[in-house]
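Notes follow the structure.
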Amino acid sequence: MAEEHRCQTPESNRLCVNNCGFLGSSATMNLCSNCYGDLCLKQQQQSSSIKSTVESSLSVSPPSSSSSEISSPIIPPLLKNPSVKLEVPEKKAVISLPTTEQNQQQRPNRCTTCRKRVGLTGFKCRCGTMFCGVHRYPEIHGCSYDFKSAGREEIAKANPLVKAAKLQKI
């Protein structure tokens, strides 16, 4: 009877393998998004710890019993002059960017022709000015933008002229 009515549970709705109560996905190894994120973080931490142990093992030089002449480290220090100081750039908060965005949002957009407030429903023409729904057409507001030459340039860029080499007659 279950075959007739197809009352089987779909394979995509499986519970998480960790039994956390959420649904898992086959794309995330039958884990829910929370458990999968935790798994990814653990893998990244393990890989970073492996890298640090490899780097530390490479930086330690093997002890040499017969050669007492080598007293300097294998890798010379990058900075031998102590009077030169390294400048570490500090994180500075960029305040000018949000203020310009706020100024643009606070400034009311008005139609250039009738000075009607348009807000978000305004239309910006290719000539660079803002218009309302009535004056948005180039014929109505006397647009100075040359649509024909712009169209020709776009077509020329999209379809470059392909010139084949001439065939020589035998």
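The backbone N, Cα and C atoms fix where each Cβ goes, and this holds for glycine too.
Feature annotations, courtesy of Swiss-Prot:
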ZN_FING   10-44  zinc finger
BINDING   CYS16, CYS20, CYS32, CYS35  Zn(2+) 1 binding site
REGION    53-76  region 'Disordered'
ZN_FING   105-151  zinc finger
BINDING   CYS111, CYS114, CYS132, HIS135  Zn(2+) 2 binding site
BINDING   CYS125, CYS127, HIS141, CYS143  Zn(2+) 3 binding site
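Sequence features annotated in Swiss-Prot and their locations in the structure.
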residue : record                : Cβ neighbours (10 Å)
CYS16   : Zn(2+) 1 binding site : 20
CYS20   : Zn(2+) 1 binding site : 13
CYS35   : Zn(2+) 1 binding site : 19
CYS111  : Zn(2+) 2 binding site : 20
CYS114  : Zn(2+) 2 binding site : 12
CYS125  : Zn(2+) 3 binding site : 18
CYS132  : Zn(2+) 2 binding site : 20
HIS135  : Zn(2+) 2 binding site : 20
HIS141  : Zn(2+) 3 binding site : 19
CYS143  : Zn(2+) 3 binding site : 16
Per DSSP, three-state class assigned to CYS114 (Zn(2+) 2 binding site):
coil
Cβ within 8 Å of the mean position of the Cβ atoms of CYS125, CYS127, HIS141, CYS143: remaining residues of the chain near Zn(2+) 3:
ARG126, THR129, PHE131, PRO138, GLY142, SER144, TYR145
Number of Cβ atoms other than its own within 10 Å, given for CYS32 (Zn(2+) 1 binding site):
20
What is the total of other Cβ atoms whose distance to the Cβ of CYS127 (Zn(2+) 3 binding site) is within 10 Å?
14
Any idea what the Cα distance is from CYS132 (Zn(2+) 2 binding site) over to HIS141 (Zn(2+) 3 binding site), rounded to a whole Å?
10
If you measure C-alpha to C-alpha, which of CYS16, CYS20, CYS32, CYS35 (binding-site residues) come within 10 angstroms of HIS141 (Zn(2+) 3 binding site)?
none
Going by DSSP, give the three-state secondary structure for CYS35 (Zn(2+) 1 binding site).
helix
CYS16, CYS20, CYS32, CYS35 excluded, remaining Cβ within 8 Å of their centroid (Zn(2+) 1):
LEU15, VAL17, ASN18, ASN19, GLY21, PHE22, GLY24, LEU31, SER33, ASN34, TYR36
What mean pLDDT score does the zinc finger (10-44) have in the model?
83
